[in-house]
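Reviewing the structure listed below.
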Amino acid sequence: MSDETLSNLLHEDRRFEPPADLAAHANVTAEAYARADADREAFWAEQAERLDWDQKWDRVLDWDDPPFAKWFVGGRINASYNCVDRHVAAGKGDKVALHWVGEPEDDARDITYAELKDQVSQAANALTDLGVQTGDRVAIYLPMIPEVVVAMLACARIGAPHTVVFGGFSSEALASRVADCEAKVIITSDGGYRRGAASALKPAVDEAVEKAAAQGQRVEKVLVVRRTGQDVDWDDSRDVWWHDAVEKASTEHECEFFDSEHPLYVMYTSGTTGKPKGILHTTGGYLVGTSYTHWAVFDLKADTDVYWCTADVGWVTGHSYMVYGPLSNNVTQVMYEGTPDSPHKGRWWEIVEKYGVTIFYTAPTAIRTFMKWGSDIPAKFDLSTIRVLGSVGEPINPEAYIWYRETIGASRVPVVDTWWQTETGQIMISPLPGVTAGKPGSAMTALPGVSADVVNDDGESVPNGSGGFLVLTKPWPAMLRTLWGDDERFKDTYWSRFAEEGFYFAGDGAKKDEDGDLWLLGRVDDVMNVSGHRLSTTEIESALVSHPKVAEAAVVGAADETTGQAVCAFVILRESALEGGEAAPDELIQELRQHVQKEIGAIAKPRQIMIVPELPKTRSGKIMRRLLKDVAENRDVGDVTTLADSTVMDLIKDKQTAGASED
Ligand code: PRX
């Protein structure tokens, strides 16, 4: 973030007080902060009482061997039981759990908690029949259909950690995740609907099974939901239809309770190297953290609210704030399969109106897209039921915040800007809608029971009005426990930067304003944030270099009006690729973009590729991405004195015309 933006943020003096009626009945009031500070463990133990435990814990937190935490030690719990069975037992079985909306119009289903319990039980029985045992990993590669929720809860029910892979990822990405966590079953579908058309998934799974086998992991069974009716290749010894295995299974399933620290899921996310990290979340603490924060941050009134989180279940937001948080809280929620503009740009607002959505949670990139499409579109719909608006995934710029509050929230609804990560599992920094006077663009303060700070290079807390690194200074219940199969990388990545202080280093820059409120400034490492999704520069560079015509590649995240950041690649071609002339044809650039899509997925496809003769490197050979970023953002190139060859930047700028823009 530039200095100019920083000083703009410092001069932001708009404040939005909580609406009086909301504050008067708020779930959480200002006293919670001090109470949690006085005795953090007692505070989290109190929140753990929200859940049903088969056996209570003996100890709230075991932090004897940092950074390996154990929460609610000795407790026994089942996540699936807490998300469905207990609500049915409490007489809430007829309540709608999911208002599911398919992308094709008139394709919708309401599923009650009692129905969800039956379906989860059937799927649990079916998975057991397929040979899945407690502790086995199951990969889930599904579109946004109810079966994905059923599949996740069924895995949780039998203690088989799931790893959900975003349906937009390629077969390569799926295969590497399957191989890394040694999943023996994949749950998928023939396809799903996106932008008005059926889009296939099963072929990618077939390829991934082969590729995983080449990496040493045999997938024994593939369970396939029929969603689109597309033709699929079928392997009788391996493939099983969901409607044969699950829908014919018994709806009776007695669930077992697991140790509080039993693994619940592994979610892969990009780090600073090419290899995605398997973030491990366990059961008890994760459920306490997500359940409490969902209730507190959105001021959830489960009996009357209709909640909608627009995130895909393939990301952590879909796990924490579509599945585990909301369902453990017995809310009625909307789940939508498709894109916001299908079949028209008012689709989301039409859904809000139809179901009377009261709490709406989305990402800044979506908000900016709607701003671009125009306020007249949401204005055609009745959005008056909305009472809390949430934002997640990247810093929300003040313009987008104000538009969101005014246009979607009728200038009266509080906006909660929630900062957290795949690793934190739960929201960490956010306003509380009944307490906080919100500032547009600020995530404000750490939630009760959470402890964050901004520190300098030496790990010292910076004074108000200054910036530095965001750290989390105390353990929290939903924290990641390790990286799947790699304790060393876990320690190195998050706990070595401020090892002496014992802080978790989040990888984000942040600033404290004059009141001590927090402003997130984006990543300080080689991680990009494109449409609120994490991508590593190295991962995309590796994908580019795997193309036979590419000799070297450097990738930067350049500022983008809609997606926050966009992938910009600088590529040096192999001599052989240049045969027949110097100028790189557009086709080659398109080919490289397609190649990245194939290797990782459409979200990683570079917006722009520049073919260059050289890359700017320091004398030790490190690529100076800062300079490439200047080029990608059309700025004057900064200080080049540490370059091994200071003329390189002139060569690159000369070639800058050879770009390709997004299709
Ligand atoms: O840089 C921060 C940004 O997203 C990163 C976490 O990405 P991921 O693990 O994919 O999780 C996204 C959904 C929780 C963070 O390190 N980020 C997330 N929320 C915000 C944010 N940056 C600023 N403000 C936020 N509210």
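Counting begins at 1 with the first residue displayed.
A Cβ is built for glycine as well, from the same backbone N, Cα and C atoms used for every other residue.
On a predicted model such as this, the values are computed, not experimentally measured, just so you know.
For the ATP site, TrEMBL gives Gly393, Glu394, Pro395, Asp417, Thr418, Trp419, Trp420, Gln421, Thr422, Asp508, Arg534; the one candidate out of Arg387, Arg405, Arg523 that the record lists there too is Arg523. Here the domain 'Acetyl-coenzyme A synthetase N-terminal' (30-83) is broken down by DSSP into helix, strand and coil counts: 22 helix, 16 strand, 16 coil. Looking at the domain 'Acetyl-coenzyme A synthetase N-terminal' (30-83) alone, the prediction's average pLDDT is 98.
Within the set of binding-site residues (Gly196, Pro395), the lowest number of other Cβ atoms found within 10 Å of a Cβ is recorded at Gly196. Long-range Cβ proximity for Arg523 (ATP binding site), meaning a same-chain Cβ under 8 A and a gap of 6 or more residues, is found for Gly507, Asp508, Gly509, Asn529. Proximity to ligand 1 (Cβ under 6 Å from any of its atoms) holds for none of the binding-site residues Gly196, Ser531, Val545, His547.
For the pair Arg195 (CoA binding site) and Val550 (Mg(2+) binding site), the C-alpha distance works out to 33 angstrom. For the pair His547 (Mg(2+) binding site) and Gly196 (CoA binding site), the C-alpha distance works out to 32 angstrom.
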